[in-house]
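Colleague: If you look up TrEMBL, you'll see 31-155 marked as domain 'Heparan-alpha-glucosaminide N-acetyltransferase catalytic'. The transmembrane segment feature in TrEMBL is assigned to 69-90, 102-121, 141-159, 180-200, 289-310, 322-342, 348-372, 393-412.
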């Protein structure tokens, strides 16, 4: 048997047959390159849509319903996190040590999330830092990843019994082995749908805190008095965040500002219409509480793919499971959207959105697995592999503007002489 190390940060290990690692010595520690490359591809995609999404709105986040290229980034991250969990925890015999490791990594992600997206580094191009604690943003990308990771990793630790590494290659074998994980996923989905469609949303008002807005300081009222609506102003996701987090701690520039109801420049950003609805000026948290509960489903699906990688030893058996489930999820999500049963919506993290993005993640990873782990075309993806092995560093330096801020910190006579 040969041991493969998947990620030095998470200490993921797995055992696979020696025949699957041609020309390698027994007991040699290697990385599963396809997982690194998929992670690197997702980080690169995030940087692309962040930098170019304003110029090309068709790759930026959809203003509300719909799914553009940028809307695949978050669920891809959650899928990858889930896939890594069984590999990371497989070799930790003590539940206590595993829990300590999971809690430490969760706290680390929360710390970086608050530092990077809480508002402290709010204008690196202008070399300005610091945040008013009355306005700090509590939620964000890393906070959502931390929450999903914590829930699913603890489930992996406590919901599985002593199990054999080798199981039958039947399609339902892995599902049966981890039935409690899927029961948890079903409970999460029921809870999310019950709250999304069952919570009553009353009228509400807000003051504009965006200092760049032409109506800064003005107070607006929003009429709702409804239940089960999925429109921008009156959905349960936003209501829960306003009540629990506080409206001052939400994201000030949500994607819905580019909606047709708000601006004539849609899908580009632009000045609001004179008759734009009041909610166009409102904050909204795209990584909020209820949507983050639904986001756990993306991680649970990723865990299933990790279980397949651990337990099924042949390439064909793994790919059959992955591709069949990927297409099933993709078709289900598309049907839910186009029959108007449940629309695709990243801001609300709807079930159809979970299905489409998880299905896409499954198929993309399967393609990378074929190219890299079966055909051995690793050298084509060396840059993506490096990014995937250093994902947090690249995320901090590039996606959050730290690198741009560092470059802007060096100037000759005029602070605007380099990048402006």
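Each Cβ is built from the backbone N, Cα and C atoms, and glycine gets one as well.
Caution: TrEMBL annotation is automatic and unverified by curators.
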Colleague: Looking at the stretches 69-90, 141-159, 289-310, 348-372, which one shares the most CB pairs under 8 Å with the transmembrane segment (102-121)?
Modeller: 141-159
Colleague: Looking only at the domain 'Heparan-alpha-glucosaminide N-acetyltransferase catalytic' (31-155), what are its DSSP counts of helix, strand and coil residues?
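Modeller: For that range the per-state counts are 82 helix, 3 strand, 40 coil.
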Colleague: Which sequence-distant residues neighbour the transmembrane segment (289-310)? Criterion: at least 6 residues beyond either end, Cβ under 8 Å.
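Modeller: Here the qualifying positions are 14, 32, 74-75, 78-87, 90, 139, 143-144, 147-149, 151-152, 155-156, 165, 174-175, 177-178, 181-182, 184-185, 188-189, 191-192, 195-196, 236-237, 240-241, 244-245, 318, 321-322, 325, 329, 347-351, 354, 357-358, 361-362, 365.
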Colleague: On the 0 to 100 pLDDT scale, where does the domain 'Heparan-alpha-glucosaminide N-acetyltransferase catalytic' (31-155) sit on average?
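Modeller: PLDDT averaged over the stretch: 84.
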